[in-house]
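**Q** Quick one: structure below, then a few questions.
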Amino acid sequence: MFAAFLQYLFSGLTSGAIYALAGLGFAIIYNASHVINFAQGEFIMIGGMATATMVAAGVPVYLAIPLAMAASMLVGVAMEKFAIEPARNSDVVTIIIITIGASIFLRGAAQIIWDKEFHSLPAFSGETPIAVLGATLMPQSLWVFGISAVAIALLWYFFNRTMFGKAMLGTSHNRLAAQLVGVAVKKVLLASFALSALLGAVGGIVVTPITFTNYEAGIMLGLKGFSAAVLGGLGNGTGAIVGGLIVGIAEAMASGYLSSAYKDAIAFIIILFVLFFMPSGLFGKRGTDRV
Amino acid sequence: MNLMTARTGGLAALAIFITVAPLGFSNSYFYDVGVNAMFNAILCVGLNLLIGYAGQISLGHAGFFALGAYGSGILTERYGMPAIGALVLSASVVGVLAFVVARPILKLKGHYLAMATLGIGIIIHIVLKTEAGITGGPDGMSVGNFKMLGFTVKGDQMWYWVTGVLLVLAVWLSLNLIQSPVGRALRAVHGSEVGAEVVGVDTSSYKVLVFVVSAVFASIVGSLFAHKNGFITPDISSFFHSVELVTMVVLGGMASIYGALIGAVILTLLPQLLAAVEQYEAMILGAIMMGTMIFMPKGLLPSLLASLKRREAGK
């Protein structure tokens, strides 16, 4: 009874950590530019696919991982430069369509560069399950928790202790004021895309040994990351992490105790409830419109 | 009512175009593509009322379309209901569903609204895929011909004329809606919701109304699509299909009924034209979406009209 619960919890935390990374990616870009990047899931896909295919081709893992991360960042920067920046003054619907267009484009490209097959990576440290109070934990899940925690800690350090990170935070609060005190806003926007692409790639790489990946793998991961971000309150980093974990755990519990067929629907059911009753998410600011 | 206004002119041009176009059709494939283009056009004319005129995005409209399709399929195939009854019943159920969710959903703005409508679409998709006992699950289900009063609509050619009439009807209805006080209220909502509220427009009622109307449009087209196609799968309710519909509206031109129509036709024809380079189709579609939005954020038709006007003014 308890063992089963623990088992669901482990699996929920594992996917929740990935949703949290994706949600953070949404939050970073949203803060810097008020853009919701529907191609966030594609960064995850690119990280996983690039690493998996390079490793399969004989590139050592320690080389394949940084290369995949760099590739994903490059895509993020290119996307900001060529698709988002030229349309900066457009309205929300327009920018949503642009980022959806980018995600379709990247999926199409992935399908040509790689293929339509599923790819996997060997687990980082073996497949021997660890027994915990009657439940089992895969070592790869520990990697997912550990690396997500490290990524989150580094982000915290970056935003609170480095000059550039503070400049990014400043931009998110008030772009004009940041510009006036000498923040290069354009660089901040580029950096936000690079950073969230990097986060996405990290998530994609650590999760690939567990879930496999293919050119379409980014869609659901991206949408769940989006719900995590909205659940927490758009643009709130802590919110995105909490939101990701809630979505992951709720999903695992629902698929364990209720029905596994409806697992994917859970995130969206939660999000509808939250939006109906707390329209700005759990940690969102309650804003008023100025007329 | 004055019959010779700009809008009746456009309507006449549309009717003439639909009548004349088949002269260039060399086989039934053209009729088939034509019918699909017009299905999408009807759907987009409805969706455009919501997105273009009221300024409310919906990333879940494929869900309403699929509910119409499955409603008709299930009621006619499993319960032997007459096709027209199934169509009306499905559309009413979709209308009621849209009405129930509209009020809480339309309180949301921007990205939150996008997320909520997306969520509804995905939940519908998952239900259709999972409840295999009723819907046939991922394998889909067959739907018979559309029979009414002893008359059967079948064959690409007959569907073409039926759909053509319906498209003209849909455009006429929307034009009337837009020109009416309701239309003015909607545009006020788009301009400034608070402003509209201040001058006494009951903004939430109007938003709910247009949401329900656009969902019913989608449901009716879904029902017809099911009969015409003869086979439906849950794919018709996918997130991608919702995105496609929104793209048609935005590509052709928001707040322009004929723009939405043109967007629908272009995006329906595109895959046919790209069939030769099938593996690049997704990339090209993505590039077109990005390119149009970057260089013509108002959409094709309004941008073209604006540049024509500029040229005339420059003379």
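These residue numbers are counts, starting from 1, taken along the chain as shown.
Any Cβ shown, glycine's included, is placed from N, Cα and C.
Where the annotation comes from TrEMBL, it is an automatic prediction and has not been curated.
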**Q** Looking at A:6-28, A:52-74, which one is transmembrane segment according to TrEMBL?
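**A** Checked against TrEMBL: transmembrane segment maps to A:6-28.
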**Q** Counting Cβ pairs closer than 8 Å, which of A:6-28, A:92-114, A:142-159 has the most of them with the transmembrane segment (A:230-253)?
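**A** By Cβ pairs under 8 Å, A:6-28 leads among A:6-28, A:92-114, A:142-159.
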**Q** Do any residues of this chain, six or more beyond the ends of the transmembrane segment (A:188-210), have a C-beta under 8 angstroms from a C-beta of it, and if so which?
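**A** For the transmembrane segment (A:188-210), the nonlocal Cβ contacts are 14-15, 17-18, 21-22, 24-26, 28-29, 31-33, 37, 40-52, 65, 68-69, 71-73, 75-77, 79-81, 84-85, 119-124, 138, 140-141, 143-144, 147-148, 151, 155, 164, 167-168, 171, 178, 217, 221.
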